[in-house]
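Just below is one structure, and these are the notes that go with it.
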Amino acid sequence: MSILYILDLLGTLVFAISGTLSAANKKLDLFGAFFTGFITAIGGGTLRDLILGNFPVAWISDLNYLIVITIGVLATFLFKGMIMQLKRTLFLFDTIGIGVFTIIGIEKAISLSIHPVLAIIMGLFSAVMGGVIRDTLCNDIPLIFRKEIYATACLIGGVLFIFLGFLGVSSSVNQFITISCIIAIRIICIRFKISLPVLKY
Amino acid sequence: MSILYILDLLGTLVFAISGTLSAANKKLDLFGAFFTGFITAIGGGTLRDLILGNFPVAWISDLNYLIVITIGVLATFLFKGMIMQLKRTLFLFDTIGIGVFTIIGIEKAISLSIHPVLAIIMGLFSAVMGGVIRDTLCNDIPLIFRKEIYATACLIGGVLFIFLGFLGVSSSVNQFITISCIIAIRIICIRFKISLPVLKY
Amino acid sequence: MSILYILDLLGTLVFAISGTLSAANKKLDLFGAFFTGFITAIGGGTLRDLILGNFPVAWISDLNYLIVITIGVLATFLFKGMIMQLKRTLFLFDTIGIGVFTIIGIEKAISLSIHPVLAIIMGLFSAVMGGVIRDTLCNDIPLIFRKEIYATACLIGGVLFIFLGFLGVSSSVNQFITISCIIAIRIICIRFKISLPVLKY
């Protein structure tokens, strides 16, 4: 098992937890929580695979995703007090998660000979669409549309990843640099309250 | 024509009616009603086929679905008073519908060599995603996330169906037992007000 | 480059602008605006291609769509005052857009041997689903469900296009007549305040 795969599962776990917490916010029942956690965790990758025509989609061919998601949802249900105290840890893994999902999305797209610019968009979709679907299901305007730099960190990371790839940097070094970069951008933007301009009427 | 196929069309009809009634609730026009009825009826099966990479999706290769949906929408539009008095009948067919959709989803997934646990999820998707999309379009939080035991009945039925299949029970007997079981669970839960625990913040 | 292709890109541009304006309405940031503009512009065609199993989806195999969308979003962001004064022009291109998208959707479906009635639905999906997804993301009930005759103009145009095709009218003449017809229906319905009946509870 590669480190990227383990990080992928960790990211999936954290996304499932975030989906379950959203569900709790809306007073959903256990099924609603499981469903929301599940969709949040697999939504981005599924949409990416559908658009790329890459069948079967990731979680259909590997049962580990479902197992990790089930653990995440049940743990949140049983120990939500404890889990909500882990906010810093969750934040870190969430950020690692979007970094890993971005890279996996780009690599899948590249392996299918997609144009690099579109591959970056596929990476972005992998990272953020789960959260977009979660917020839409829970009847909120997607958070990433007005939150601190989040999707933008993935975009910048994606451009860097493609650029270093062209320079011939080896895949694993490139992955490490890109994920670190995404984490750094997000933390810096939060600390210094940097955000994107808003379009007003 | 098999009984399952006829029940499938009946379920589709009832789903189209339920979508149209949702639309009426939101004061949508005839097109909005048709669209909502259509999406409610075919949404679950379409998403299942997309995820399984099973092309063409069901309603593209069989015009009967579209015909049945059109009948359901127009009938609701013209005779809504009468149809709303049929609540008990609609409830029964809706419950038969989710049972049938669950089984069809599982059988399709199994025929594509999907892992049984994931096949159950595909059955669940077939049964409930139409309603989820309907509620999302109509700007509500999906009903099944906080309603009585509904999706859970499909899940239990799905597990039973796979289990009896492993025991070698013939397909049509298995279908009959599973659908009966899903109907029984739903009715018992409503009568005795059994519901899933809710996750609160 | 055919005229239809140029009109397709023009329609995509106008859809991107309309998505960006929706985002502005909801005070989304630059990323949210880009994302909404992007989804509005490619949503309909993407869903059509997914349902038809027509991979890769249109905007993945032709970078021009992404370029046109980027121009539309940025222009709206930078010159929104000017763009909002172009309301009449935008309206015209939006109407040409749905006409062109309807025809492209039908032609794709027909080329995949889909039944003509379903091909019309695929044309309709191409034209209106982008707007439906935009409104759902922005937490509104889709506009086309209660607006003036809009989707219905596409439906009528689609029926006409199929009918003239059966009569043997050449493709480009047929395209011209159909698009003109869709534009005419929409303008007439707005001028004379014609709308579909609403289903009330």
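Glycine is no exception: its Cβ is also placed from the backbone N, Cα and C atoms.
Here's what TrEMBL has on this protein:
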{"type": "DOMAIN", "residues": "C:5-80", "note": "domain 'Glycine transporter'"}
{"type": "DOMAIN", "residues": "C:92-164", "note": "domain 'Glycine transporter'"}
{"type": "TRANSMEM", "residues": "C:6-24", "note": "transmembrane segment"}
{"type": "TRANSMEM", "residues": "C:31-51", "note": "transmembrane segment"}
{"type": "TRANSMEM", "residues": "C:57-79", "note": "transmembrane segment"}
{"type": "TRANSMEM", "residues": "C:117-137", "note": "transmembrane segment"}
{"type": "TRANSMEM", "residues": "C:149-169", "note": "transmembrane segment"}
{"type": "TRANSMEM", "residues": "C:175-194", "note": "transmembrane segment"}
Does the chain bring the transmembrane segment (C:117-137) near the transmembrane segment (C:57-79), so that three or more CB pairs sit under 8 Å (pairs 6 or more apart in sequence)?
no
Need one number: mean pLDDT over the domain 'Glycine transporter' (C:92-164).
90
Please report, as numbers and ranges, the same-chain residues at least 6 past the borders of the transmembrane segment (C:175-194) whose CB is under 8 Å from any CB of it.
4, 7, 92, 95-96, 98-100, 102-103, 148-150, 152-154, 156-158, 160-161, 164, 169
DSSP puts the residues of the domain 'Glycine transporter' (C:5-80) at 64 helix, 1 strand, 11 coil
